[in-house]
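To start, I am sharing the structure in question, which I have written as structure tokens.
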Amino acid sequence: MGLTLLAAQPSHAADTPDPAAGRTIAESGVLTGHVGCSACHLMNGAGQPDVGIPRLAGFSAAYIAQQLDFFASDKRSNSWMAPYARMLTPRQMQDVAAYYAALPEPPPAENDPAGDALRARGKEVFQKGDMAHGVMPCGGCHGPAGQGMGAFAPHLAGQSAPYLLEQLRQWHQGKDRDPMGKMMVTETHAMADADMQAVAAYVQSLPAPNAGGTK
Ligand code: HEC
Ligand code: HEC
């Protein structure tokens, strides 16, 4: 009996993602001669909005781990991410996802007043959709504050506008992106490019709904 218990304990601990191990992966990677995730996504998970590198802080661990799996298996094709995702074991994916998911969200990028009208249109689309073009309110799936809905729909608030726009345009062109992307293909099918730009600008300006990294 005692032996069974002893044997069960380490295997339970081994199943629990370890954010401290994930921090090391973010900092210095898993293979010598290759950078860690932070070289692009930064240690605080803010990403680099200007060059379209997405922020990771604010996502659920489930979403991060799932996307890493998609990149590694070419279900989501991206030449930047594929090599880094392939370096990770499934366990390391869970660990690094746990690290980034626990971070508090950085404040959104500063708003340029010149973009006020664009963001106002984006807010309208986000909250009310555009029924004439089959566009449902984004908040209906991504949460009214863009906070995401668990493993179903990812967190959007504060995300890099260039990155958001690139994703929307690829779906608009009919590309699934990954096995979860069908809904977004339908959503963006008849969306005008100006509206995709507007909603991306609005979403980038949304403050952290999960301040403190809890969700
Ligand atoms: C050389 C730069 C670079 C490195 C290093 C890098 N990434 Fe990325 N990552 C990117 C880029 C660029 C994208 C956007 C891909 C796209 O446009 O589809 C991305 C996308 C992602 C996404 C998808 C985000 C979303 O919004 O769907 C996740 C998750 C991710 N990276 C996690 C990681 C993790 C974890 C590591 C370390 C193991 C890492 N990345 C290392 C550049 C990098
Ligand atoms: C019916 C539900 C639904 C609606 C409505 C919806 N989405 Fe999504 N969205 C999803 C799902 C599910 C995913 C995950 C797709 C994947 O992993 O490929 C997603 C993913 C995304 C992503 C990718 C996030 C990332 O980090 O890579 C963006 C950007 C996005 N949606 C924006 C929007 C916008 C903007 C609207 C409104 C115009 C919208 N969505 C409306 C369900 C929805």
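Quick reminder: no glycine exception, Cβ is built from N, Cα and C everywhere.
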Going by TrEMBL, Cys138, Cys141, His142 bind heme c 2; tell me which of Met131, Met184 is listed for that site too.
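Record source TrEMBL; matching candidate: Met184.
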Inside 8 A of the center formed by the CB atoms of Cys138, Cys141, His142, Met184, which other residues of the chain have their CB, for the recorded heme c 2 site?
Met136, Gly139, Gly140, Ala153, Leu156, Met183, Glu187
Could you round the CA separation between Met81 (heme c 1 binding site) and His142 (heme c 2 binding site) to a whole angstrom and send it over?
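Cα of Met81 (heme c 1 binding site) to Cα of His142 (heme c 2 binding site) measures 24 Å after rounding.
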Using only the residues recorded as binding heme c 2 (Cys138, Cys141, His142, Met184), report the maximum Cα-Cα distance in Å, whole number please.
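Farthest Cα pair among residues binding heme c 2: 12 Å.
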Could you list the residues of the same chain, at least six apart in sequence, whose Cβ is under 8 A from the Cβ of Cys40 (heme c 1 binding site)?
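Non-local contacts for Cys40 (heme c 1 binding site): Gly47, Gln48, Ile53, Trp80.
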Reduce the DSSP letter at Met81 (heme c 1 binding site) to three states and note it down.
helix
